[in-house]
Amino acid sequence: MASNKLISILVLVVTLLLQGDNNYVVEAQLTTNFYSTSCPNLLSTVQTAVKSAVNSEARMGASILRLFFHDCFVNGCDGSILLDDTSSFTGEQNAAPNRNSARGFNVIDNIKSAVEKACPGVVSCADILAIAARDSVVALGGPNWNVKVGRRDARTASQAAANSNIPAPTSSLSQLISSFSAVGLSTRDMVALSGAHTIGQSRCTNFRARIYNETNINAAFATTRQRTCPRASGSGDGNLAPLDVTTAASFDNNYFKNLMTQRGLLHSDQVLFNGGSTDSIVRGYSNNPSSFNSDFTAAMIKMGDISPLTGSSGEIRKVCGRTN
C-alpha cells in the first residue's frame, strides 16, 4: 500500500510539472551557447547591426529594448510583437501600448535578413530580439550579460493580451507590482527594469496628465515639459520628451536620481519614489550604480525566461513580420 501511495504521489508531481506552470522546465532548455555550432557568427552579426543603428540614432537602442519588454509581457518572449496583422488575427503592434510608439522593427528585420543568409532557418526572431535588446543596452554604455537563447517563434499574436498585460504609463505602484508579479518578476525586478527609462523618450499623451495635474513633480521640470506638451488633448500628442532629463542617451542610474528630485516623466515612474515600499530600492540604485547594473542584468535574464517556446513548439520564421 505504501509503495502504491508513493507511486501515485510521483505521478501527481510529474503531471503537475508537465501541465502546470512549467517555466522552470522550459528555462533549462535555453542556453547561452545554443547556436555556437549552428550559427557561430550570430552574436557578432547582431552586435554590428545594433551598433550601427544606435550610432545613427541613439533612441533606437531604447526602442529595441522596449520591443523586447513588450514582447515578453504578452504570452512570453516569443517574437509575437514582430508579427504584422493578417486576415486571420489582429496582432500586437496596434494595441494601445504599441500604437504609434513601437519602433525598431526595421532593425530586427535587417538583422534577420543577414542571419538568414548565413544560417537559413536556424535562428528565431524571438532570439534575435533578445540579443539585440542586450546589445542596445551595451551600445549606450550599459552593462553586458550573457543572453540565453533557444527560443522559437510564435505563430500568432494577441492584441487583447497586449492591451491587458503591458503596464500603462498611468499605473499605480500596486498595479505595477501586480503586473510584474503576474509574469514571475519581483518588485525589485520591476524597479530595476523600470531603470530602462534612463534611455529613450515618451510621447506627450503619456505624461500630459502628470505635468498639469500632479503635485509630486518638480515645478521647473513641469514647466519645461509643458512648453512642448500643450494641455489640450489632441494638440501635440506625439511630441517627445526624454524619460531621463539629464542623460537621455546614456544607460546609467540618473533615472533614479531624477525620481528622488520629483523629475520622473511618467506617473508610473514617479510612483516608484513617492513614500511607498519601493523608495528604498530607488534610493539604493541612486547611490550605487553597480547595484542597479547587477539587478538590471539579473532581471533581464529572468524576463527572458518568461514562457519561451522551445523544442517543437512554434517555428523558426523566415521573415519576422509573418509566419512561414
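Note that Cβ sites are derived from N, Cα and C of the backbone, with glycine treated the same way.
Quick look at what Swiss-Prot annotates:
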- 1-20: signal peptide (SIGNAL)
- Cys39-Cys119: disulfide bond (DISULFID)
- Arg66: site 'Transition state stabilizer' (SITE)
- His70: active site, proton acceptor (ACT_SITE)
- Asp71, Val74, Gly76, Asp78, Ser80: Ca(2+) 1 binding site (BINDING)
- Cys72-Cys77: disulfide bond (DISULFID)
- Cys125-Cys320: disulfide bond (DISULFID)
- Pro167: substrate binding site (BINDING)
- His197: heme b binding site (BINDING)
- Thr198, Asp244, Thr247, Asp252: Ca(2+) 2 binding site (BINDING)
- Cys204-Cys229: disulfide bond (DISULFID)
- Asn213: N-linked glycosylation site (CARBOHYD)
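Features recorded in Swiss-Prot, as mapped to the structure shown.
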| residue | record | Cβ contacts under 8 Å, 6 or more apart |
| --- | --- | --- |
| Arg66 | site 'Transition state stabilizer' | Ala102, Gly104, Ala196, Gly200 |
| His70 | active site, proton acceptor | Ile81, Glu92, Pro97, Asn98, Ala102, Ala162, Ile166 |
| Cys72 | disulfide bond | Val183, Met303, Gly304, Ile306 |
| Cys77 | disulfide bond | Phe68, Asp71, Ala126, Leu129, Ala130, Arg151, Met303, Gly304, Asp305, Ile306, Ser307, Pro308 |
| Asp78 | Ca(2+) 1 binding site | Asp71, Ala126, Arg151, Arg152, Asp153, Ala154, Ser307, Pro308, Leu309, Gly314 |
| Ser80 | Ca(2+) 1 binding site | Asp71, Val74, Gly91, Glu92, Ala154, Thr156, Ala157, Ser158 |
| Cys119 | disulfide bond | Tyr35, Ser38, Cys39, Leu42 |
| Cys125 | disulfide bond | Gly79, Leu82, Ile108, Lys112, Asp153, Arg317, Cys320 |
| Thr247 | Ca(2+) 2 binding site | Thr198, Asn254 |
Give the residue from the binding-site residues Gly76, Pro167 that has the most other Cβ atoms within 10 Å of its Cβ, counting over every protein chain displayed.
Gly76
Cβ contacts of Cys229 (disulfide bond) (under 8 Å, same chain, 6 or more positions away):
Cys204, Phe207, Arg208, Ile211, Gly236, Asn239, Ala241
Around the Ca(2+) 2 site formed by Thr198, Asp244, Thr247, Asp252, list the extra residues of the same chain whose Cβ is within 8 Å of the site's Cβ centroid.
Ile199, Thr246, Ala248, Ser250, Phe251, Asn253, Asn254, Tyr255
Around Thr198 (Ca(2+) 2 binding site), how many other CB atoms lie within 10 A of its CB?
29
Between the recorded positions Gly76, His197, Asn213, which lies closest to Asp252 (Ca(2+) 2 binding site), Cα to Cα?
His197
By a 10 A CB contact count over all chains shown, which of the recorded positions listed here is most packed: Cys39, Val74?
Val74
List the Cα distance (Å, whole number) between Gly76 (Ca(2+) 1 binding site) and Asp244 (Ca(2+) 2 binding site).
28
